[in-house]
Amino acid sequence: MMKSFSYRILLPAAAPLLVLILWQYAAVKLENDVVLPTVPQVWGLFLRPNEDILRLGSMMQNLGMSTMRVLCGYFAGLALALPLGILMGHYKTVNRFMGALVEMLRPMPPLAWIPLILAWFGVASFATMLGIEEGEWYVFFNNIKFSMLIIIFIGAFFPILLNTIHGVESVRTTLVDSARVLGASERDIFVKILLPAAAPSIVTGMRLGLGVAWMCLVAAEMMPGSISGIGYVITHAYTVARTDIVMAGMISIGAMGLAIDAAFRYFEGRFFSWQRLSR
């Protein structure tokens, strides 16, 4: 019992605790808050999550807006990558047709698209598309810029696509052939064979895609037109030498990523434990 507790709780907590100790020791030795603030200074910001920061809104408000942007870009990537990945994994003709284009675009970093995206979309937002020009809804939708969402979309798209292709290609052809012999339609094959069998790989791709989407967030929120979000707060805090806010913003992103990754891992363990047992 004690050994299990140590392995599951204490061991994962050891590395972060060691980092905190080294961080505090280095900060005390340096005595320079601009270079490295102390742990209590940064922790104090988390104790006041609704306090206005640099007249940019609270940490909680900005983190909420960032989460909204990430989810919008992520689900757009998922909506395209999932069906395309299934088609490319199942139909060789589609794979041959799209494969070269995918492999050409995949190595391009999402940040390399920023100049083109700004030239094409500028600072247009959902408020522009919906024709909203004033009020609280304008403030909300105007903060969701197309350019930001596309950067996040690109980051999330390829991990989901490639893992979906791999998952579908890994499905044994005997299962598909047997289903066809028994009179299964293409829809039945997709819904009852390909999707369930490829689901573990797809969920892994979704987890990786969401991680990359968060990695693209700060760059997306540094683009022209951004006036909110945790990435914008980090950038603005740097310009006024508030390193404590910079580090608090970075830790917030890391904590969100950790929580989402833990949720995905729980989902995988809960519904796909059979895959580990079959190895």
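Just so you know, glycine gets a Cβ as well, placed from its N, Cα and C.
Where the annotation comes from TrEMBL, it is an automatic prediction and has not been curated.
In TrEMBL, the transmembrane segment annotation falls on 212-234 of the listed ranges 5-27, 212-234. Beyond the transmembrane segment (111-132), the same-chain residues lying 6 or more positions past its ends with a Cβ under 8 Å from any Cβ of the stretch are 138, 141-147, 150-151, 154, 216, 219, 223-225. Proximity of distant same-chain residues to the transmembrane segment (246-267), defined by a Cβ-Cβ separation under 8 Å and at least 6 residues beyond the stretch ends, is recorded for 37, 42, 45-46, 59, 63, 66-67, 203, 206-207, 210-211, 214, 217-218, 230-231, 233-234, 237-238. Residues of the same chain lying 6 or more positions beyond the ends of the transmembrane segment (212-234) and with a Cβ under 8 Å from any Cβ of it are 53-54, 56-57, 59, 61-63, 65-66, 69-70, 73-74, 77, 110-111, 114, 118, 122-123, 125, 143, 145, 147-149, 151-152, 154-156, 159, 245-246, 249-250, 252-253, 256-257, 260.
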